[in-house]
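As annotated by Swiss-Prot, domain 'Josephin' applies to 1-180, with the evidence given as sequence analysis. According to Swiss-Prot, the feature active site, nucleophile maps to Cys14. Feature annotation from Swiss-Prot assigns active site, proton acceptor to His119; the stated evidence is sequence analysis. Per Swiss-Prot, active site is recorded for Asn134, and the stated evidence type is sequence analysis. Annotation comment: Swiss-Prot describes 192-209, 353-363 as compositional bias 'Basic and acidic residues'. As annotated by Swiss-Prot, region 'Disordered' applies to 192-212, 260-363. What Swiss-Prot records for 227-246 is domain 'UIM 1'. Per Swiss-Prot, the feature domain 'UIM 2' maps to 247-266; the stated evidence is sequence analysis. The compositional bias 'Polar residues' annotation in Swiss-Prot covers 260-290. Here Swiss-Prot flags 337-356 as domain 'UIM 3', drawing on sequence analysis.
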Amino acid sequence: MESIFHERQEGSLCAQHCLNNLLQGEYFSPVELSSIAQQLDEEERMRMAEGGVSSEEYRTFLQQPSVNMDDSGFFSIQVISNALKVWGLELILFNSPEYQRLGIDPINEKSFICNYKEHWFTVRKLGKQWFNLNSLLMGPELISDTYLALFLAQLQQEGYSIFVVKGDLPDCEADQLLQMIRVQQVQRPKLIGEETAQSRDQRLPRSDVDQAIEVSHPFDGTGMLDEDEENFQRALALSRQEIDMEDEEADLRRAIQLSMQGSRQSEFSNSLPQNASQPPHTSQTDSLSSEDLRRRRQAYFEKQQQQLQQQDLTLNLHDKPTINSSTLEADPGGDMSEEDMLQAAMNMSLESARNHLSTEEKK
């Protein structure tokens, strides 16, 4: 591969690189190609002058720039064709009806020149193998015989113009060497600037914005996430779930706390005013309005009713120490806990029940 002559792209001098890679040597320079282009411009001017130098067509032609070259280094197919005539070489359009009628297998040709949007490059056979000598590549690219036809068909489909080079090419060292040996290429050569761009991307740390853009735009049409992106998305989903669970648990704890506080305050407030304002002989239903306390007291009274009937109900129940409304009024509850308040309410309810049973027994 080292013996193959390969010029790399400089500016827009692809026509020069195409010719030199085809001929396998530094045969043409920009100055020589510019001279050929100027000769073509002069020949065209002389043909236009035959119609009269005062004609509108001639004046318009003089005002237009050259179609054979420009300041960037581009050269037309006419310049390349005239340059090859010096070496007895001729260009034939590959997909022209005249060439297609010949029915020649591309493998049996010697070289091709390809053009697309003002870029020229050579595909040539050296020894017994084909090589893509595109000046945009870092080096020659090996093309197998079976792939050559597909390669040319792909270029045509992409809009390339392909020309077959007819004639005997100058002898070169690479052609002689590759007649004796065959080369193998493990890795395709990279484009010029591709390796530099990759190494620069590896050296520069990615910012958070670049990483975010990379995650939110996955995927170049494949719809697949790589491993890092999948892990990131999974961690993000788990984080959101944990936050939602924590919020729900916090809301639940606050709701339970408020419910317990409201229930205790309601039980105490419903029992305290009614027992304090009503006489001791009011009924159990009138003394407490809280449904929960009523159910609790009713269950308790049913369990104790038989025991109370067996005891002497004529005893002076008022002599027993009880907690009545006056006791609660004496202690406004500034130092009482919620449990003390609940116990006081239960004792008051029990006192009311006992008074009621005593009244019924006397009747």
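Glycine is treated like the rest: Cβ placed from N, Cα and C.
In the three-state DSSP assignment, the secondary structure recorded for Cys14 (active site, nucleophile) is helix. Under a cutoff of 8 A between CB atoms, and with a sequence separation of 6+ in the same chain, the neighbours of His119 (active site, proton acceptor) are Cys14, Leu136. Sequence-distant contacts of the residue listed as 'active site', defined as residues of its own chain at least six apart whose C-beta falls under 8 angstroms from its C-beta, comprise Phe121, Thr122, Glu141.
There are 22 other CB atoms within 10 A of the CB of Cys14 (active site, nucleophile), with all protein chains counted.
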